[in-house]
Amino acid sequence: MSEDSWAQAVDIQEAANTSQIESMLTVFNGGMFPPVSTCAGNIVPGNNDHGDGDEVDLAEQSLLNKMIRRSLVRNRNQVEVLQRDPTSPLYSVKTFEELRLKPELLKGVYNMGFNRPSRIQENALPMMLAQPPQNLIAQSQSGTGKTAAFSLAMLSHVNRANKWTQCLCILPTYELALQTGQVIEQMGKFCPDVKLAYAIRGNRLERGMKLQDHIVIGTPGTVLDWCTKYKFIDPKKITMFVLDEADVMIATQGHRDQSIRIHRQLPKGCQMLLFSATFEDSVWRLAEQVVPDPNIIRLKREEETLDTIKQFFVLCKEKEDKFTALCNLYGSLTIAQAMIFCHTRKMAAWLAAHLTKEGHQVGLLSGEMTVEQRANVIERFRDGREKVLVTTNVCSRGIDVEQVSLVVNFDLPVNMDGSADNETYLHRIGRTGRFGRRGFAVNMVESKHSMDIIKQIEMHFSILAKLALDDLKHFKV
Ligand SMILES: Nc1ncnc2c1ncn2[C@@H]1O[C@H](COP(=O)(O)OP(=O)(O)OP(=O)(O)O)[C@@H](O)[C@H]1O
């Protein structure tokens, strides 16, 4: 891909964003939204009627508690059932054996407790392993096994006899790089001679050394330094380049610039694999321009959300009201584990401090913390030592903690221009409902603006109202 094609693609993307924003503003100004009613802590189904008239008042928080409890009990055989349901993203026709994985990788997969591939694994693996190598842009819902899919591709791809880096995988955050590296290590447990290195902040190598690790996983800034400044990696020898959370990697300015600079050094013909749960239309077009002749796996809009995640919103008056609502929900948060998303670091710190003052034990993870602090918080959360994690968008993507049954959007996700950030919404709620598990997402709505945001999200995915009404049918107590 030439520098020009990146630049041209970026222009098109920015133009598309502008028209999208304009159309959103038209809707916003159209006065479609009824006034926000103020019933702090009441869980209201995400119905089209947002405040007056026939809204169903579910004031008893116990209802959500009961729903979560029941769902957790029912979680047990959910995966097996879904993997036999042709409409599920976990369904596959083939077995792992039929995907022709090397025996040591098959052993690794089964050792992780995977019985059958998911749809994305079944479809993407043959494309990623084909000869001659083929590029791929792939979209699949959150928690459906994308990480496992490209990890298997990298482990299959390396030639162990060659003692240099052959696969490069970049992702947007430190936590995600660590987590994905751990998946590769687990999956490659029976391929001990395949080596992996982490190009992440704080991992310092001796100057002048040449990496012999076959796979390098990391964040774009450090990977770039390792390729250009320190020359630990010879980028000309890379034959597989993976971008996870590819939409942010190619559309967010900082990541994009670094990804371009890394990509420019790779040899022509290096296989490119792009994965994400979301690709906004303009970003998809951008991806198609930067990846030569790609295979494509793309979801329809209505397939993007998972039926297993039930979504609600709560009407509140102001920040303090949201806090009261959250405390009322607290019993539900700690049944399994919960993640609470705030818009800013300041708000996350405020919320964590107030919850702690109320006697609740919570973890706090936000971008200004040191990498050691961040690693420590996420490890404690993974181990269940903290059942509730208060965080920002830094944890919205990719983090895989299977016990998370509830996501709370204390602040709804918004773009810089104040419009709904639909992609981040999907990633945030996707921290629950991992690989067929049931999950709940509760959105705090406290102003006309946030009601507008929830309405935009609801319209975008056409999902909130339908799921909530279904819930009422099934869970009425
Ligand atoms: N074939 C499988 N069988 C059983 N469990 C699986 C399988 N593939 C992946 N998993 C598990 O499902 C969970 C989600 O997988 P993974 O993290 O790969 O999803 P993802 O699509 O990358 O998610 P995200 O979009 O959030 O990044 C993980 O805990 C993983 O171990």
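Every residue gets a Cβ built from N, Cα and C, even glycine.
These features come from TrEMBL:
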- 94-122: domain 'DEAD-box RNA helicase Q' (DOMAIN)
- 94-122: motif 'Q motif' (MOTIF)
- 127-297: domain 'Helicase ATP-binding' (DOMAIN)
- 308-473: domain 'Helicase C-terminal' (DOMAIN)
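Residue counts for the motif 'Q motif' (94-122) by DSSP state, with H, G and I taken as helix and E and B as strand, are 16 helix, 0 strand, 13 coil. Same-chain residues lying 6+ beyond the ends of the domain 'DEAD-box RNA helicase Q' (94-122) with a Cβ under 8 Å from its Cβ atoms: 80, 83, 88, 129, 138, 140, 144-146, 148-149, 152, 155-156, 186-191, 297, 435. A mean pLDDT of 95 is what the model gives for the domain 'Helicase ATP-binding' (127-297).
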